[in-house]
Amino acid sequence: MQSSIWKIRGFLPYIVVVFLNAFTDLGHKIVIQNTVFKIYNGETQIVLTAIVNALILLPFILLFTPSGFLSDRYPKSYILRLLAGVAVAITLLITLCYYMGWFELAFGFTFLLALQSAIYSPAKYGYIKELVGERYITMGNGVVQAITTTAILGGILLYSILFESYLDGVNYADSSDILKHIAPIGWLLVGGSVVEFLLAYRLPNTHIDSHHRFDLGRYIRGDYLRKNISLLREKEVIFYSILGLSLFWGVSQVVLSSFPEYAKDTLGVTNTVLVQGMMAIAGIGIVIGSLIAGKMSKYYIAIGSIPLGAMGISLALLMLPMISSPYWHMVNFFMFGVSSGLFIVPLNALIQYHSRVHELGMILAGNNYIQNIVMFTFLMMTVLFAIFGLESIGLFYLMLLFSGVATIWLLRYMPENLLQFITLSIASVRYRVEALNIDNFPKDGAVLMLGNHISWIDWILVQMVIPRRIRFVMDKGIYERWYLKPFFKLFGAVPISPRAIKGAKLSIARLLKDGEVVCLFPEGTISRNGQLSSFKRGFEKMVEGSEGEIVPFYLYGLWGDGLSRASRHHKKLRWRLKRDIIINFGKPMSIDSRATQVKKEIYKLGYLSGLEYRKYRPAIAQEWIEVAKRFGGDTVAIEFSKDAISHRRLLIESILYSQKIDESSSGTVGILLPPSIDGVTLLLASKISSAPSIVLDPTVSSDKFADILQKDNIEQVYTKESYITKLKAKGIDMDTLLSGTEILYIEQIDIAKVDRVVVGIATSILPSILLKKIYAKDRDEVDELSEIVAFQDMLNLTEDDTILSTLPLSCETISMATILSGRPVVYTSDSSNPKSVGRAALRHSSTLLLTNSQLLDIYSSSDMLEPLHFGSMKRAIVFDDVDDDRVLAYEAKFMSRLYRGYRLPDLSTIITMNIPNIMESIEFTTQIGEKRDSLGMPMSNILLLIVDGESLEPLMCDKVGVLLIAGVVAKDSDIRYMIGEIEYIDTKMKASIDSDGFLYLKS
């Protein structure tokens, strides 16, 4: 399936054909109407204008049956080509009439051109569904309506301007003189028809065979007419849609045919360009309204715009006779147009969607028939008003009456659709939602939707992409709040209470029996930590004996939103003006599926959603600029022996050093620095520069160090002289390790004062969007940023947190995640020196310690590090598989919680992590984030699977098997398995995963 309607083969040529068809048809009508406007006045002008419109309408009435038959019987693309050729011949004859001054014959050719359009129209509009399919049917109609209206608008303006320009400064006595003067316009009609004819041959054939035969006798007797009218009435939705469109076009026809005389007599406007221009503004409105309706109907037909459009049309008709200024008439016509687009696009889509393929042409022809009958009847009203000398203002009020009655009827029968449309429209301003695998959602039948619950707005976002009405199950305590109850009731929410589970079960069973869609969040509450919490098993009992299917889904991208329960600081870090959201739908499951099965599927959907979400993530350099600008003067890094540095200052330094890297480096650069301000400056600079970089770890073996240099082709290494001296003092032979590479000492890098001033001014006054354009290189680092974001989401830092990181800079994910977190990061001169670490923690009131098992043992056993040093420490995270004794030793000494995380050996990627448990204050339920003997839950960018070592069959929860991991960069030596659509690497380790997703390694 194509990801965009514009990528569908043949759609662009089709749109151009639609544009040229409308543009050419309108051109001749404008010439005739403007001629009538120039020569005739009063009653005669209104009658002749009505006759022109009648000549256009009558063929649609007379050819109702044949046009529908031809569209269903033959390929619609063939009909479009043939009739486009006929249009070339007709426009040539019309041009001849212009040059000869044959006004009456040109007037009559309006009927012939309309005959062509009457046969052309069912094929043209029926082709939409065949070309774009049901998914894009509303969007397709929106684009077609917008393009058609643009053609009408452009035609009105261009032909009126040409008409006036050819008559400028010339004398004319009658209509024949006018036609001779404007005759060259005819070649524009011919040119448009020729291009349309050529493009029609670019349209792909999509016809479904039909063996209907046309019986002329039955046509003359009216048998076809009665049969086809009954066909229109088979489905109420089709019939009422046709009535709505007919009423709209009838009203519009009267307004547009009467307004020129009203403008001339009441407003004193005689220039045809101004008169046509005022009405043409409605065309701009229709384009905008059509595009809005199409956008809101990305995944289904948003019928809520129908009553909204009707209200706008009625208001515009009410205002029309009250306005005396031409400019305010333009504003009013614009509102009329926007409302019209909202009204007619979903009605056209409903007709096409609910029509059977082999009857679509006939139904669209029937639509034309009824519309033109109504329009013809309304035109006769216009003529009668003129004959009896009644003013146009009376017609406007009569049209208001018709529109007002229709609006009241729609508001009575569609109030919930209107309010849903308004609500979803407001939500779409803030959230850009993409639905993955929407085809997995059943078009009919009972459905129980089960997914993660991440924010207060989850239910609205889910409804935005589902074409069926969803009955959301919610806590009765929230449902009964007086200020929310009317709203929830309107959306059909189902309140449940733990104390009345039997009644809830009956309610849900009844809804499923009726074939409805029920949505339930099995976690029972909004997530407090952004992770999936324990699933309540209540839904298993609720659906016992019910029919239907379970559709699992996952909402991705909402953690950190203002309506989630993330910390205030994390919301600030994740704030976006427009938030991208992914909703991923899994394949339908049996209604009897257990909670553990459903949760496992939702976990997988979350991982797949994260992979898809990478396209929305910026490069790391762009993210750093955004964070630095947002937190500005706030401290970002602190060294115990040095001053702190702010986000703004670090941004300046990182940009300056990135320029130096670009100047001197042509390949991959190595960074050999301790965790420090200098270290993160170079690390960030390497991300901003165009040169790839590797953070080197001097503690690995010399062979491995050399292998890294060779494998990554590292020719230059950035370091500090003092750091090299320190490493040598520890017995590391740095001369040998770095032999063959160019060593660049950052102390010796000279940065010009003028460069520092320029970058300083730029970072101070320019917004982040411009800084990204100027300094951030376009690099593909989405995997790395996904890891960083996943780790930050797990940490969920608060405004009071200060991070003490004693991990080496080579733990790049953690180093980048902390420096991009918006909170201060404290570094020490020597992470293995307990006294230095303790003093840094105490002086800067550190609340979070990030460390490894080796350093953890040093801190727990050293007398130089006292408990009071860590007095402000709320939690510590160790990224190794440490045993319970070491955990207890740390906690007993420092009276602070230690949480275990896990990284694979030789990888900086974090696999799992424990986080604090959180108890909510209403029902006093606890969201589990930690299990003491586990290594924690997987990061959102990681998927774990326990399989049988021989058959690779996935094992049930708590069963010990081989641990497979997806989401990490595989090495050449890794064994990989493709299971389903996901590639896993074999860790060769024994492990198990419990029902809540926590990982347990087995020795």
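Placed from the backbone N, Cα and C atoms, the Cβ positions cover glycine too.
TrEMBL entries are annotated by machine, without manual review.
Look at TrEMBL and you will find 447-558 tagged as domain 'Phospholipid/glycerol acyltransferase'.
If you look up TrEMBL, you'll see 12-32 (among others) marked as transmembrane segment.
The transmembrane segment annotation in TrEMBL covers 44-66 (among others).
What TrEMBL records for 78-99 (among others) is transmembrane segment.
Annotation source TrEMBL lists transmembrane segment at 105-123 (among others).
Residues of the same chain lying 6 or more positions beyond the ends of the transmembrane segment (143-162) and with a Cβ under 8 Å from any Cβ of it are 5, 15, 18-23, 26-27, 30-31, 34, 125, 128, 182, 185, 188, 272-273, 276-277, 279-280, 283-284, 286-287, 290-291, 294, 337, 341, 344-345, 348. Annotation comment: TrEMBL describes 143-162 (among others) as transmembrane segment.
Under the heading transmembrane segment, TrEMBL lists 237-256 (among others). Residues 53, 279, 306, 313, 317, 320, 336, 340, 343-344, 347-348, 350-351, 354-355, 363, 366-367, 370-371, 373-375, 377-379, 381-382, 395-396, 399, 402-403, 406 of the same chain, all 6+ positions outside the transmembrane segment (237-256), place their C-beta atoms under 8 angstroms from a C-beta of that stretch.
According to TrEMBL, the feature transmembrane segment maps to 268-292 (among others). For the transmembrane segment (268-292), the list of distant contacts is 30, 34, 37-38, 141-143, 145-146, 149-150, 152-153, 156-157, 160-161, 163-164, 256, 259-260, 305, 309, 326, 329-331, 333-345: same-chain residues at least six beyond its ends, Cβ to Cβ under 8 Å.
The feature transmembrane segment is assigned by TrEMBL to 299-321 (among others).
Annotated transmembrane segment per TrEMBL: 327-349 (among others), in sequence order. Within the chain carrying the transmembrane segment (327-349), a Cβ under 8 angstroms from the stretch's Cβ atoms is held by residues 125, 137-138, 141-142, 145-146, 149, 241, 244-245, 248, 252, 255, 263, 267, 277-279, 281-294, 297, 301-303, 305-306, 308-313, 315-317, 319-320, all 6 or more beyond its ends.
If you look up TrEMBL, you'll see 369-388 (among others) marked as transmembrane segment.
The transmembrane segment annotation in TrEMBL covers 394-411 (among others). Residues 244, 247, 250-251, 254-255, 258, 262, 306-307, 310-311, 313-314, 317-318, 320-321, 381-382, 385, 418 of the same chain, all 6+ positions outside the transmembrane segment (394-411), place their C-beta atoms under 8 angstroms from a C-beta of that stretch.
TrEMBL lists 445-466 (among others) with the feature transmembrane segment.
Of the candidate ranges 78-99, 299-321, 445-466, 78-99 has the most C-beta pairs within less than 8 angstroms of the transmembrane segment (12-32). On the 0 to 100 pLDDT scale, the domain 'Phospholipid/glycerol acyltransferase' (447-558) averages 86 in the predicted structure. Residue counts for the domain 'Phospholipid/glycerol acyltransferase' (447-558) under DSSP (helix as H, G, I; strand as E, B; rest coil) come to 39 helix, 27 strand, 46 coil.
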